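Colleague: Would you mind keeping the following structure in view while I ask a few things?
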Amino acid sequence: MYPAPRPPGAFQLVASTRDVSTTGPPAPPTAPGQLKFTIAETCDRIKEEFNFLQSQYHALKLECEKLASEKTEMQRHYVMYYEMSYGLNVEMHKQTEIAKRLNAIIAQVLPFLSQEHQQQVATAVERAKQVTMTELNAIIGQQMHAQAGIPHGAHAPTLPMAPHPSLAGMPGLPPSTGAPPGLLSAVSSASLMGLPTHPLSVLGKPDLGRSDDKRERAEERAAALLDERARNSSSPGEKYRPRSRTPDDHDSKRRKDDKGHDSDGEKSDQDLVVDVANEDPNTPPQANGDHRDVRENGEKKPERPPSQSSSSRSTPQLKHEKVSGYDPHPHSGVRAPPLASNGIPTNGSAGKPAYSFHVNGEGQLAPVPFPSDALLAPGIPRHARQINTLHHGEVVCAVTISNPTKYVYTGGKGCVKVWDISQPGSKTPVSQLDCLQRDNYIRSVKLLPDMRTLIVGGEASTLSIWDLATPTPRIKAELISSAPACYALAISPDSKVCFSCCSDGNIAVWDLHNQTLVRQFQGHTDGASCIDISPDGTKLWTGGLDNTVRSWDLREGRQLQQHDFTSQIFSLGYCPTGEWLAVGMESSNVEVLHVNKPDKYQLHLHESCVLSLKFANAGKWFVSTGKDNLLNAWRTPYGASIFQSKESSSVLSCDISADDKYIVTGSGDKKATVYEVIY
């Protein structure tokens, strides 16, 4: 491809044998075998070589452009197939949920049947469990033909045990019997297999006749995703940024839609996006926090096993209008939890769905019976009162409170504002700290225990360290990371070390005294989104977009535990006084894990992504906020609801004062809200 190397001296310029001077000594003889080129010949030779190399360059450039075009096309197909597989995954989980509900119906109705009919039902159920994919495809084809040629009303069963027409003749299914009409109208053989007939279409029956439309929509979404990524490729900060088109665009972190990046170093650049466009406004309402329930043995149980914290990408989430015991009206205000007549907080009594569940080591779940002192024990608040609104002017993605409670720090786009909340009715900040770049959002702000230093991280590879002790706060140092963004920060109890969650999945460990990177904890395969440290400073907890929560031994520098989920982790907090870790998820669940035992609790009052979480310093309660505009306060660890506040937009961040008397939240409507906790 390239010209062969020439021997040394090949292009040596050799003067003419005739000496220019007539009086000087004769020129030395030319060495034997040496080529003689005039200057003109040498220039021509160089020109030829240049033209040859230039033609090769153009050929390689064309080939490179062709490969780039092929790469773009492959990325487009990848995103399209990702969308299609996601849709199929959702449909699969819908059918699984339908099968579970029908199985519960069978279990309830079965005792009322005669022995003969019970045996027939059991046989049908066993046969349904053995259906192969070939038989299933044949059944679906027969169903489609039957629906195309038979009026809708013809599907109404006249005998409850008669098989669905599409299953006629299948071996192992019982013939028609004379069971009392209407007793098992919902339990046809097709339903036993989880195949929805038209009465169950509202539960998510797939529209098999519109696959072409779905494919076209998937292709359109893939093209839109590629266009958006192309627009954002010039700025790594865009990868974890609230878009600034409308205030509601800043309301939530969203799952990553594709991984078509050029290198591993870029794979998490677009992982966390603050966005509300992924919620379907036409989704039907749900009874209680994504657990539409059936009654078994006199107890309410959720539609999906809380032992599997399903992500909204894998299990259909149905938004609901009313939370158990709460006023569904959209106005702001703090509401108290439902109480029984004896004053004990309820969890699913009086016909209302339970929202707190205990999951043992075997994955078995049960509604939690709250103790009588769940809300009456010392140190448990009664409610919270809104006392101040801090109009930041941009989406507030990070907040923190000073100790003693005097200043609130709110992080938005390109700056941190400092508010003096000890002055009643204060409407303007006392200071503004310009950080990062003007268009980059700040994701985390942390005060050192001496209250003289503030550390700021966000959509940049730089962490800013601010000196607050000077009359005018100033940057005293900057820490440069290899990752394009920092999603969360934690400070060691001795103030010597800072931990940053990076968009590339690493946990960076910084020496604050020397302002150097000490080490990196590597384990998360996607962006690390949240972090907390144990009070003794020996253990670190991190959550990530790879659906895992990991613990790290800070003395030995190694990973201790890993908890796997089916939902991305958006927030977590470690209880200051006990062995409990609370985790907020994209799937709207809050899970409270025991760090040494397999037992855990699942809490289901949020309607959408849980974006932030914070324990009170006393450890007896904690708060969580979400894309559903809610601030929920929970009892540790079993999750009795203490109070709930509805704000006007998604609540992205929260903090609790050191004395547990104040809560501050940051929201998507460009403000922070200060609450006074009433005991």
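Backbone N, Cα and C define each Cβ position, glycine as well.
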Colleague: Which stretch, out of 10-44, 115-149, 150-184, 640-674, is listed as region 'Disordered' by TrEMBL?
Modeller: 150-184
Colleague: To what whole number does the mean pLDDT across the coiled coil (43-77) round?
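Modeller: That stretch averages a pLDDT of 93.
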Colleague: Based on DSSP, tally up the residues of the domain 'Groucho/TLE N-terminal Q-rich' (35-147) by helix, strand and coil.
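Modeller: Taking the domain 'Groucho/TLE N-terminal Q-rich' (35-147) as a whole: 104 helix, 0 strand, 9 coil.
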